[in-house]
Number of protein chains: 2
Amino acid sequence: MSNTYQIYLISDSTGETLDRVFLAIKAQFKNIKYDVKSYFFTRTENQVSKIMDEAKKNDNAIILYTIVDTSLAKFLANKGDEKKIPCFSVLGNLIMNFSKLLNQKASHVPSGQHALNEEYYERIEAIQFTMAHDDGNLVEDVDKADLILLGVSRTSKTPTSIYLANRGYKTLNIPLVNEQSIPESLKKNPKLSCVVGLTTEPQRLVDIRKNRMNALKEKENTNYTNINKIEKEINEAKKTFIKYKWPTIDVTRKSVEETAASIIKIYEINKNNG
Amino acid sequence: MSNTYQIYLISDSTGETLDRVFLAIKAQFKNIKYDVKSYFFTRTENQVSKIMDEAKKNDNAIILYTIVDTSLAKFLANKGDEKKIPCFSVLGNLIMNFSKLLNQKASHVPSGQHALNEEYYERIEAIQFTMAHDDGNLVEDVDKADLILLGVSRTSKTPTSIYLANRGYKTLNIPLVNEQSIPESLKKNPKLSCVVGLTTEPQRLVDIRKNRMNALKEKENTNYTNINKIEKEINEAKKTFIKYKWPTIDVTRKSVEETAASIIKIYEINKNNG
């Protein structure tokens, strides 16, 4: 019996919920070998049967599913029993419990979260805004942004902005070279929008820049990789953040998602105080 | 008793799993009024106690949580019992069941999925690649992309690309005006990378363009909003897709997530056949 698990993710919609949940589960187990097969838009017994037949060919199949149609979910669970494949419903119990609590029947219609509603269009708008306001572009729009990220180089401003856009925040990011990098309107009114400063440890920045120079096969640019200069650059940035009372996050050893979560926290606090 | 529910989302990490799960649950219930409060990085009993005290002030509080530390999760559940607040664990049972099945203890350490590992850096690289290859930029890199989206105007190429980048796919998108829009290398070798054509219904495109002209207060540009011209434009695009045997998706009434899921499906099929 092979000890590589075959994980089948079966969703009746786009599979994002399932993806996230499996990511969280697998992070709990260090030493498992597995392959993942994802099935989206699974909405008929015929589709389910085919997947289960396929899964049965493996010794180590495990099925995780998000199927909100009750009879299709039951069909899958029965097939699993029959074929002795462990099957786990990700949403079933939660929806049932919520239904009791809210004293309301669930719709059991898939893809409800993908309605083309206001929330959806706001999110798309946030992505478009953020794309157009990356890396110091159109800084005159600071008053239109939900979030403004100011950061020294290599603090993951761009991916963090994109991640925040995906969560619905119109984000504008500005590379901070010196105080002149900051638009006048923001200096005059530092609370114009929610501003967050991003910094990093100087040594990490030196390492990244050296790697970058090597990758580009460039001759060493001393200003760009000199630890003293970099320390000065980062200290200047920190002073600027203090001067304008902008909260800062040190991104060293943080993932983009973790940095973004801290930024959203700051945004929420600002909103509740403002 | 007010009938607006106060939903408390309590996560020991960035809260993304919880966000997705709540999105899926709420989509099942049409007529609920609710406010959401999100708490990230909740890792101490003190933090949990404060949130529970806050929640207790409402009549209609419901708590959903993703806390992998067993004793903290128990602490939360006990507090919930004590204060009679319904609390639902999103991952608890799944992790327990997986642990039995894999015959391996779960680590119960939070944020495991945010390890700065290879997968993480690949995803960041995908975002950077996609940002740099939006809207016909750097089309000479077609051979470096995982996915190439070719589409007529207003088919949500940009947000779809960004969404795919977030899921780790290096995506390049090209606005299709006519066959000249397509880089030579791709015409010579249409299977160079996974190409997907995006189309839409002509009438929808007319409506969108008219709205856009109104918003910009521009005088009507007949070419831009004429239904016959647009039909011709879309038919030309479809012919091009057929000529090069590229699969196509009609994005009309589809959300970006749904379009993206179909694209990933095509990518998987290509990979398995190639």
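Glycine is treated like the rest: Cβ placed from N, Cα and C.
Predicted, not measured: the structure shown is a model, and the values here were computed from it.
Sequence annotations record features per position, and here Swiss-Prot assigns ADP binding site to B:Gly151, B:Val152, B:Ser153, B:Arg154, B:Thr155, B:Ser156, B:Lys157, B:Thr158.
Sequence features annotated in Swiss-Prot and their locations in the structure.
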residue	record	contacts (Cβ under 8 Å, 6+ apart)
B:Gly151	ADP binding site	B:Lys157, B:Asn173, B:Ile174, B:Pro175, B:Leu176, B:Gly197, B:Leu198, B:Thr199, B:Ala237, B:Val251
B:Val152	ADP binding site	B:Pro175, B:Leu176, B:Leu198, B:Thr199, B:Thr200, B:Leu205, B:Glu233, B:Ile234, B:Ala237
B:Ser153	ADP binding site	B:Pro175, B:Leu205
B:Arg154	ADP binding site	B:Thr200, B:Leu205, B:Ile208, B:Arg209
B:Thr155	ADP binding site	B:Leu198, B:Thr199, B:Thr200, B:Val251
B:Ser156	ADP binding site	B:Leu198, B:Val251, B:Val256, B:Thr259
B:Thr158	ADP binding site	B:Asp134, B:Asp135, B:Asn173
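Each residue in B:Asn173, B:Pro175, B:Leu198, B:Thr200, B:Val251 lies on the same chain as B:Gly151, B:Val152, B:Ser153, B:Arg154, B:Thr155, B:Ser156, B:Lys157, B:Thr158 and has a C-beta within 8 Å of the C-beta centroid of that ADP site, without being one of the site residues.
With an 8 Å limit on C-beta distances, none of the binding-site residues from B:Ser153, B:Arg154, B:Thr155, B:Lys157 reaches chain A. In the three-state DSSP reading, B:Gly151 (ADP binding site) counts as strand.
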